Each structure stands twice: as C-alpha cells, then as structure tokens.
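J.: Below are the structure tokens for one structure; questions will follow.
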Amino acid sequence: MRECISIHVGQAGVQIGNACWELYCLEHGIQPDGQMPSDKTIGGGDDSFNTFFSETGAGKHVPRAVFVDLEPTVIDEVRTGTYRQLFHPEQLITGKEDAANNYARGHYTIGKEIIDLVLDRIRKLADQCTGLQGFLVFHSFGGGTGSGFTSLLMERLSVDYGKKSKLEFAIYPAPQVSTAVVEPYNSILTTHTTLEHSDCAFMVDNEAIYDICRRNLDIERPTYTNLNRLISQIVSSITASLRFDGALNVDLTEFQTNLVPYPRIHFPLATYAPVISAEKAYHEQLTVADITNACFEPANQMVKCDPRHGKYMACCLLYRGDVVPKDVNAAIATIKTKRSIQFVDWCPTGFKVGINYQPPTVVPGGDLAKVQRAVCMLSNTTAIAEAWARLDHKFDLMYAKRAFVHWYVGEGMEEGEFSEAREDMAALEKDYEEVGADSADAEDEGEEY
C-alpha cells in the first residue's frame, strides 16, 4: 500500500484535522467509533482507504494521524468529542504550557521537550505501513506551535525519513483578520526553516476563505468551523486520489513531479469549485465547463493574489464525481482559447488532469450543498509571490523598530536568525520574479556578466 501519515500541529492544525477526519469518515462510511459496517456497499469493496486508515484485528479503523499541541485544551476537545473513540490515545500528544505565539518557544524551549515523544509515535505509525509514501503536515504560519514546532519536526523528519515526501497544508496569516501581532515574524522564521525540508506546501489564507464563505455561502459571520469544513473539502479533493480508485489516479510524488519546477518554488495555489449553498445549487446546472471556469476566478482561490498578474508554471485539475474526460478536454480547450492565462514561455501549456468517480461528500448540517461533481485546481503561479511580499512588508515594519524581538531572544534565539530568514524570503521573492521572466530576457542578462 501507499500509506500517508497526517501530522496535525498546533491549534489550527488540530482543528483542521478534526474537520478532515470527520469528512474522511463520512466518505468511507466509517463510524465515529472506527467500525465500518460490514456490508461494504459504500466503498464497493475498494480498500484504497487503507492509505489513511489502519485496520485492527477487531475491525476498527484507526486514522494514520498524530495530533500535537504544546497546550492541552484543543486536543482535550478531541479526547472528549464525538470522535474520541476513533483515535488511539497515544496519537493525541499534548504538552503542559503553550508556545504563546512565539516561534522560539515552539522551536527551541518547549518544542524540544516533546519532539522525541512525537517522533516515537510517528515511528510507531510508520512501522505499521508497508510502503509509506510520505507525510501531510497541517499547521498555521502565525502561531507559536504551528510555526516553531512544525519547523523543528520537519527538520527531524528529513533526518529520519530522508526520502519520503513531506507535503504541508499551511494557514497563511490573513491580511485583515489577525490573531496575533507577531504573525509576520513567526511566518517568515518558519518558512525559512522549512523551505528546504518541505516538498510541496499548499497555502490557505484565512481571509480568502472568509470571503468565500461570505460571498458564496451567505454566512454573515463565518466561524472557524465554517472555514475548516471548507478547507477539509479541499484537502479531501487533493487526497481523494490516494483514498479511492479512479480512472486517472495521482499519488503524492506525482503532485510534486508535476507542480514543482524548482525545489524552492513549491507553493501551489489551490482553488475549489463549486462552493455553493444548498438553496442556490438547486437552481444551477454546474456542468464540468462551469466548475472548470470557476477555478480560474481569483474569487475562488485559497490565497489572495491575482494570477492574472502572474504566470502559470504548472496546472493540475482534480475532478471528482460524475465527470468524463470528453467534457474535461472540451472545458480545458475553451479556457485555453479565451482566458487571459499566461504560462511561462519555458513551460508549454500542460494541464494535468485527475478524475475520481467518488462524488464529493458533504457533512450533514454543514454549509455546502451536495453536488454531483467538483474540481480542485492546483496551480503553481508566480502570482503567489504577492502573498510573500505582503508578509515581508509587515515583517520589515516591525523589525525596523526591533519590536517584540526580545521575546524571541529571551527564548534562546539569536537576532541573526531574523535577518537570515528575511534574506531567504527576499531570495524567494527574487526566485519567483526570475522564474516568471521570459527566458530570452534572462539570456541577455547573462552576457553582461
């Protein structure tokens, strides 16, 4: 089997984890106690779900996941919640005191006390796998645990499991909706540390998701539950190909091969369609062409940036539900002719397509309508550099005055790490700029040296 281990770090990671595993269980017909009714009609005898669940002798299905937080309250909710019997108690790991939005606490002081325990749990999960293909790490950029502990964990995973792919789902600090003042510091420190260890990172911007909830689902004040359920649909679409048999199947390494042209340029933009409330869906057709077009609307993206200002390097469309290749090809052909989609000149306009016949599942009582087909587009575009630029600007404003830096230094960091991280981010922005430049321009520059 091609197993994946999910690691959920910090409050954001754990809460997204709750939403994701709730959805996986519904999709595979697994009850909250881990039992799967024996009639097997739901999965149709398809055992691909074993990539995400391991089965015990008693027929209980246990998620291949670890939940880690440096303070107990969030994971305690899992321990007492609906799905408390689903997880092995050892998979829920908590510390005593939290990282207090401080990268240095998550990475150095408090993180190092718990890291060996976490790695031991991960090793136990890895031992149960016959052919582990990689890790999915869920975390936020802004929090102390999400930024600091994740970067520590990624470094250690690279040492212990060097060849395995590591994919991240990272919550990018929203431009307007901020939960901590020091988010720009944490984000840039964690990006710098994790850059060389992560193979592919899907960023999710809370504000973009807020707007989608407000605009498409008519939720006036979206809660984190609303956001997480939407995020879990996207994660589910990305991982569906690993969990179900489909016509065109995609595995973890295949994503990287198709989306990451250079090791550092590994931040694809995710777009999901249709996000629509039940009363609207009733009156709309939502054909393959409709949902494919919707993917190219900046309004449906998970990060606020404008791909019309950037260039595409790669594009991957993952359909699920009632979709036939003929419709997909027609939809893509139309888009290629009329859209203002610019590909970089060194990459011919290739769209990679995955089709999965399992229709999207919705959480009962949730906000999304039950639809026959959905699509998730992953595109590697230079426009995402806008997101980095925004973050770097905020970092600069604070760091120019050395605001809040003493909290980090007090936990054993050196000020040099800040400037080093900031330089790395500047280099990343420059990388994106160069990748988007036409290859002809680049050659002229070369002659001057």
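Each residue, glycine too, has its Cβ placed from N, Cα and C.
Model, not experiment: these values are computed from the prediction.
Heads up, here are the entries from Swiss-Prot:
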{"type": "BINDING", "residues": "Gln11, Glu71, Ser140, Gly144, Thr145, Thr179, Asn206, Asn228", "note": "GTP binding site"}
{"type": "MOD_RES", "residues": "Lys40", "note": "N6-acetyllysine"}
{"type": "BINDING", "residues": "Glu71", "note": "Mg(2+) binding site"}
{"type": "REGION", "residues": "430-449", "note": "region 'Disordered'"}
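Surface or core, plus neighbours and distances: that's what I need for these features.
T.: Taking Cβ-Cβ distances under 8 Å and a sequence gap of 6 or more within the same chain, the neighbours of Asn228 (GTP binding site) are Gln15, Ile16, Asn18, Ala19.
In this structure, Glu71 (GTP binding site) belongs to neither helix nor strand by DSSP; it is coil.
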J.: Counting every protein chain present, what is the number of Cβ atoms, excluding its own, within 10 Å of the Cβ of Gly144 (GTP binding site)?
T.: 28
J.: Would you say which of the binding-site residues Gln11, Ser140, Thr145, Thr179, Asn206 has the most Cβ atoms within 10 Å of its own Cβ?
T.: Thr145
J.: Around Glu71 (GTP binding site), how many other CB atoms lie within 10 A of its CB?
T.: 19
